[in-house]
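J.: One structure, pasted below without further comment.
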Amino acid sequence: MGTWALLLPLLVAAAQAQVCSVNKTFFEVKENTSPGLHLLDIYVPEGQQVTLGPSSTRFAFRIQGTQLFLNVTPDYEENSRLQAVLECKRDDTVVTQLRVFVSVLDANDNPPRFPFVVKVQRVPEDTKVKAVVIPETELKAQDLDRNDILFYTLQEVTPGASGFFSLVGANRPELRLDRSLDFDRWPNMTFQLLVRDTREENVEPSHTATATLVLEVQPADLRPPWFLPCTYSDGFVCIHAQYHRAVPTGHTLSGPLILHPGPIYAVDGDRGINQPIVYSIIGGNEDGLFSIDANTGNLTVTKSIPSPKTFFLLVKGEQADHARYSVTQVTVEARAAGGSPPRFPQSLYRGAVALGSGVGVAVRDAAAPSQPLRIRAQDPEFPDLNSAITYRITNNSDFRMDGEAVLTGASLVHAGVFYAEVEANNTVTSGTATAVVEVRVSEQEPTPTGTTRRPQASSKPGGLPSVGTSPSPPSASPSGGSAQTSKPGTSLPKSPGPSSTLRPTAGTSGTGGGSTTVDGRPSGGPAEDRRFSVVEMAALGGVLGALLLLALIALTVLVHKHYGHRLKCCCGKALEPQPQGFDNQAFLNNPDEANWAPAPSPSSSPAPPAPPEPAPPEPKPPSPETLRRVPESPAVALDGDGPAAVRSILTKERRPEGGYKAVWFGEDIGAEADVVVLNTPASEVDGAGNEGSEGSGDEGAEVGLRGGAQRAPGSDSIYL
């Protein structure tokens, strides 16, 4: 026994020396390891060769000589365990077979994936709060990595939608309702569902995925019908409108009542469902006086109401599916209709029609020439009676009414502006109202502004073009006559605006058919007279203005030529212009009696230019020729000595009158002329001199003016 124990290891070693062997049969390799990794060395006895057996993982290994290499990139999700079967052969006989195992370790190399890209979920509007809208099984993402833990986040796409839905937990993608839904305000909401395979975002490696959730709110029957217009509404509650109207007693109205604030109309409070509404009267309908259309809600009076009374009708609006209904009140007040006249929205209507139009031609609206002129009155108390109003023209047979339209009643052969009175009569209440129509008859078509172009004016030889109008057509009298000429004491309708007016000419007899005037011009002149256009009058005014400008320039040149040497010698402070045609208060004894009434303008001779103030240091007396050229004052003294009298300041007679200033020239004007200022107190002269020299900066001029003045002894005059 001892001998066999010593020989056994030797026999085993000898046996091993005759077969293939490896030092390790199990390996662990990380996922995504690069191919070509050396795994182990194989001991192969002499005379044998090693190969991979057919049961080895396909293409996973390769043998190069006596070494085993990894031939692929291991993928845990594809194959987590690889096997290599080594066969040692002598010739074709398998001597030894060895197995080597490789375990692939999982790595985070795959992103999570949702089972959908866009998921649309319909949610009823009446879903209870805290209810699960979408279960976890429908939203859970899949990750091929075995040990990955997924984290979910719900992000709003529709602003404000995050207040309605949330996830149950960060690792539980279960969608839950947190707030009551409102189909009218939030018919649909969109979210983005994000999943990440790491808790933190900045961890490497980390993978994410997204999907879109669209939640469509399905309307539920939550609200009753609403009678419009709602006096208050917040989307959930409507305070219903209540309707009212007044009707005349003793009359049967053919059409539906025109109610305030509008017709009876209700809608389903759940606009998403929008059930049809059925109307009915459930109270207040005494003796069946009223009826309502079940589909439209139009309320009518079935028979006349004999006496004034107020009715309170209860009208029910019910959904066609009979799920919900609402009730409102309609107040109908029956009144006596005797004192309800119609009213025109405006007192003057303007129209235009072409000259030569025959009978039955529609008058066009002056403001909109493409539209016919329509005149419409309304009954403010009973608008249901507007259809009972009739119209007629009372004072002009050239025009007539056809319903609300104005038509010509005769051929229009005269141009001009004509007026007619339209009377509106409510055949039910017998109330009447009147309005004025202004019709412009012209050869040209009316412009959009309502004006007409006038024909060219003709000029008479040797004079200005004549201005006139064509004869005016006769106006109809209230009794049906056709006399257009106004009689004394007959009033015509007048336009309140700045439009043309038709008025009789003074001196017209009652039967003579005197001429009338339009805009102050005679309308019955000769046929050859023509009316000026605005453009021609503007051109004439421009020519006259140019001629006036040339005359002023010529006058300025002449004044400069004859009096230029006087103007050049002037220096110092210029004379302040005095208002012509007024008395100067400085020359009145009593300042309170100053007269500022304008004087009459001269009729023939022009006003003389104001004499310039002499300012040379040493003034010289004027020459006789210069004095002779001084024109007389154009102002003519009025009769009387009142404050309004205007008198000349140039005189050859001494007239020492109180409160009057004049310049007197002696009879014998020689080389040394005496110029006397009459009735000026010495204190005023001195004061005037001081005032004139103040601030002038020209002392020489002041000395020259004041130094030559001497007071004559025993007189009130000052000699210069």
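In case you wondered, yes, glycine gets a Cβ from its N, Cα and C as well.
Keep in mind that TrEMBL annotations are predicted by a computer and have not been checked by a curator.
These came from TrEMBL, pasted as-is:
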- 1-17: signal peptide (SIGNAL)
- 123-227: domain 'Cadherin' (DOMAIN)
- 255-344: domain 'Cadherin' (DOMAIN)
- 439-528: region 'Disordered' (REGION)
- 444-459: compositional bias 'Polar residues' (COMPBIAS)
- 461-470: compositional bias 'Low complexity' (COMPBIAS)
- 483-503: compositional bias 'Polar residues' (COMPBIAS)
- 537-559: transmembrane segment (TRANSMEM)
- 582-644: region 'Disordered' (REGION)
- 599-624: compositional bias 'Pro residues' (COMPBIAS)
- 680-720: region 'Disordered' (REGION)
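Give me the local environment of each listed feature.
T.: Averaged over the domain 'Cadherin' (123-227), the predicted model has a pLDDT of 92.
Broken down by DSSP into helix, strand and coil, the domain 'Cadherin' (255-344) contains 3 helix, 40 strand, 47 coil.
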J.: Helix, strand, coil residue numbers for the domain 'Cadherin' (123-227) per DSSP?
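T.: When I sort the residues of the domain 'Cadherin' (123-227) into the three classes, I find 7 helix, 46 strand, 52 coil.
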